[in-house]
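Annotation comment: TrEMBL describes 488-497 as compositional bias 'Basic and acidic residues'. The annotation region 'Disordered' is assigned in TrEMBL to 471-503. Sequence annotations record features per position, and here TrEMBL assigns transmembrane segment to 68-86, 98-117, 124-142, 148-167, 179-197, 209-231.
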Amino acid sequence: MVNEKEAAGGLEWRIKVADGSSKTLTPEAGVGSRVLQGLKGLIVGLVMKLWKFLKKSWDLGHKDPRKVIHCFKVGAALTVVSLFYYMKPLYDGVGGNAMWAVMTVVVVFENSVGSTLYKCLNRVFGTFLAGFLAIGVHWIAIQSGEKLGPFIVGFSVFVLASAATFSRFIPSIKARFDYGAMIFILTFSLVSVSGYRVDKLFDMAHQRLSTIIIGTCLCILVSMLIYPIWAGQELYTIITRNMDKLANSLDGCVAEYFNSSGGSTDSNKESNKDSLGYKCVLSSKASEESMANFARWEPAHGRFNFGHPWKQYLKIGASLRSCAYCIEALNGCINSENQAPEYLKKRISNISLKVGSNSSSVVKELANVVKTMKKSSNIDFLVGEMNSAVQEFRNHLKSLPTLFIPQSLHEADQNPENKNTEPTSTGVEAVPLMDIVPLVTLASLLTEIASRIEGVVDAVEELADLAKFKPMPDDKTEANQPTNKVVPDQHKEDETMKTLQRV
């Protein structure tokens with residue numbers, strides 16, 4: 001028997017089965033309801049993706065507000081340069097080439113002052129040189145006649161474009177004038193080819209060059225006057241931050257190696273985040289090179305004079321990366337499955353921690369030198385302590401080979417009479433070779449890190465000499481200077497001595 005009744009949202013069908021029980025059958029949803037549910041899910045998904053995008057954008061702007069300020073600076077520059085289109089007196093001065101000023105702002109305005117100056121100057125000089133040569137080629141083509149003129153223009157485009165393209169492969173030109181070479185090719189091709197059909201070539205070249213100069217000057221002024229971001233300051237910050245992270249990573253890796261009993265777990269990794277700071281040092285090469293290239297174009301600012309030795313920061317960064325590679329290998333020893341026994345670790349734990357601590361102290365002192373831009377009087381003392389700790393570590397490692405020899409064999413070597421007899425079992429077994437290999441690896445890495453830190457010391461001292469760092473004032477020397485003040489007790493003793501002499 002089938003009973004039909006109306007339920008909420010549709011019809012409900014009940015069917016009685018032979019055993020007396022009943023089953024409820026729900027009708028399938030129609031095509032319209034399924035389409036509606038699909039659209040609802042699509043809209044919800046798009047809204048969630050948009051919300052995640054907005055959240056990431058907000059976090060990015062909150063983390064580095066300078067990026068938001070740069071966006072406002074670009075908008076302000078484009079608004080000002082657009083006035084050449086909307087204001088008739090300005091439009092009449094540059095004509096329809098006012099669009100070149102807008103394109104110039106869009107193309108050359110970068111985040112830092114150095115990168116903006118790099119693109120602006122390259123664009124101006126590349127445009128000027130290309131326009132000058134294009135006008136010369138156009139004059140030669142006119143003097144050669146209508147038949148020979150197109151061939152001269154085509155041949156000049158081929159030769160100069162090929163030569164400029166080849167110059168972009170030269171490392172010295174590519175580092176500083178790559179953008180200018182590209183602008184030269186573009187401008188020369190446009191002006192020379194269009195000049196063949198344009199009668200007023202000089203007016204066109206003048207208007208384009210003037211609009212480009214207007215756009216570049218506006219970008220330079222806005223970039224330097226409104227919350228400037230200096231590439232040199234960015235490079236300086238990257239180097240000092242990497243030095244601090246390298247020192248913390250060295251301390252953290254050595255401490256984690258002797259605190260862990262085997263491979264590091266996820267909890268240990270979370271508690272030792274400082275030990276992974278060396279990865280930032282390894283991945284900062286590209287940013288350091290670009291910042292150093294842009295910093296050369298910047299004028300004197302802050303504590304950096306014109307002609308500051310920015311290349312020396314690249315040498316310091318390379319020395320830091322050489323140390324970071326060793327720390328990465330040291331971190332690999334922590335996560336290795338082949339670990340030395342705990343009783344062997346305890347034998348060299350104190351001296352290893354001492355070497356790591358002294359090495360990191362040297363790097364921290366070097367970071368302080370670069371931050372304060374003053375020579376340190378303690379760096380020689382710290383380097384001496386590091387070298388003495390390394391030498392003590394090497395002397396301590398000389399006792400490790402005795403662990404390979406069982407006690408019975410050692411006694412047999414001392415007694416020549418027992419050489420032919422087989423060694424008796426004394427209960428002391430030799431340490432397997434695979435148990436002592438991790439300690440040897442650790443020792444070689446620590447000594448190698450110390451030797452590479454001396455390279456960082458040389459690079460920082462060379463920077464101090466080139467940049468003419470002033471010596472850091474020493475508080476100890478000031479404290480040891482004699483004073484003319486008289487202590488009250490000493491004054492009383494002097495008076496008593498005078499009275500005794502009179503008597």
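Cβ coordinates are placed from backbone N, Cα and C, and glycine is handled just like the others.
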For the transmembrane segment (209-231), out of 68-86, 98-117, 124-142, most C-beta pairs under 8 A are with 98-117
Spatial neighbours of the transmembrane segment (98-117) far in sequence, C-beta under 8 Å, 6+ residues away: 66-67, 70, 73-74, 77-78, 81-82, 84-85, 90-91, 123, 208, 211-212, 214-216, 218-220, 222-224, 228-232, 234, 290-291, 293-298, 301
Do any residues, 6 or more residues outside the transmembrane segment (68-86), come within under 8 Å Cβ-to-Cβ of it, and if so which ones? 61, 93-94, 98-99, 101-102, 105-106, 109, 111, 211, 214-215, 218-219, 222-223, 226-227, 229
